[in-house]
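Just below is one structure, and these are the notes that go with it.
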């Protein structure tokens, strides 16, 4: 478990040591009406909002990385979710990476988070607020067993499940990525109220946080939405396939060259960086 915790911490801080991308040279949001452009893994944003770092309901981690920008819809979602969590006595919501001031590609750690519609939220809800030192170097709490087959009972709580459910029930949310073991636990605990589980999608890693994705805003005409998740709660064969051993001969896919930017994003870079 210690090795896994170290690996998680390394994953959260590794991006600081990698070569910068052109998008990191844009230090303030691009003025204009808010527009998410392109796809979640190949896009940008005009008119991003800054998430206020001071709030009674949430705390923002790693503010030195300046990844607390997003579409106004994302900022409002975070404020809405954290207010609901506070009303229910769940604890302080810990906000991780959103996006950069103009969106675009990160130098590591994320393939998406490019259009201002994604946010990582820690799956721990402290009852006392974290210090500035804790926020700058957050300790991820690994909720998943070493073999990846189930959550760690001593670390899992109904409050965590409630936070994920609250996020999934938000009308602006289309997907929430969590580790397969976390999805499995949610399936076991959900009871008869299961419609929200459709949005909770199993994905690699995500052992200590959930990755929340919003739908494209109606007035962002160049934003590319994903297809909706398949019908149903996603607790059947699809989920179980994540726990099966890899088929013989299965290899990791090779890293692909990033696709060309959407023309509007390339024009934005040309004007503000290149």
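The count begins at 1 with the first shown residue.
Placed from the backbone N, Cα and C atoms, the Cβ positions cover glycine too.
Secondary structure at residue 265 (disulfide bond), as computed by DSSP, is helix. Summarising the annotation, Swiss-Prot assigns disulfide bond to 44-265 (among others) and lists sequence analysis as the type of evidence.
In the three-state DSSP classification, residue 110 (Zn(2+) 1 binding site) falls within coil. Annotation comment: Swiss-Prot describes 110, 113, 120, 211 as Zn(2+) 1 binding site, evidence class sequence analysis.
As annotated by Swiss-Prot, Zn(2+) 2 binding site applies to 147, 150, with the evidence given as sequence analysis. In the three-state DSSP classification, residue 147 (Zn(2+) 2 binding site) falls within coil. If you take the C-beta of residue 147 (Zn(2+) 2 binding site) and look for same-chain residues 6 or more apart in sequence within under 8 angstroms, you find none.
Summarising the annotation, Swiss-Prot assigns disulfide bond to 187-235 (among others). Around residue 187 (disulfide bond), a 10 Å sphere centred on its CB holds 16 further CB atoms from the protein chains shown.
What Swiss-Prot records for 216-223 (among others) is disulfide bond. According to its DSSP assignment, residue 216 (disulfide bond) is coil. Around the Cβ of residue 216 (disulfide bond), the same chain contributes 36, 115, 117, 223, 224, 225, each under 8 angstroms and 6 or more positions distant in sequence.
Positions annotated as region 'Disordered' by Swiss-Prot: 225-274.
Listed in sequence order, the binding-site residues from 113, 120, 211 having a Cα within 10 Å of the Cα of residue 44 (disulfide bond) are 113.
In this structure, residue 44 (disulfide bond) is part of a beta strand by DSSP. Cα of residue 235 (disulfide bond) to Cα of residue 120 (Zn(2+) 1 binding site): a distance of 23 Å. The DSSP secondary structure for residue 187 (disulfide bond) is helix.
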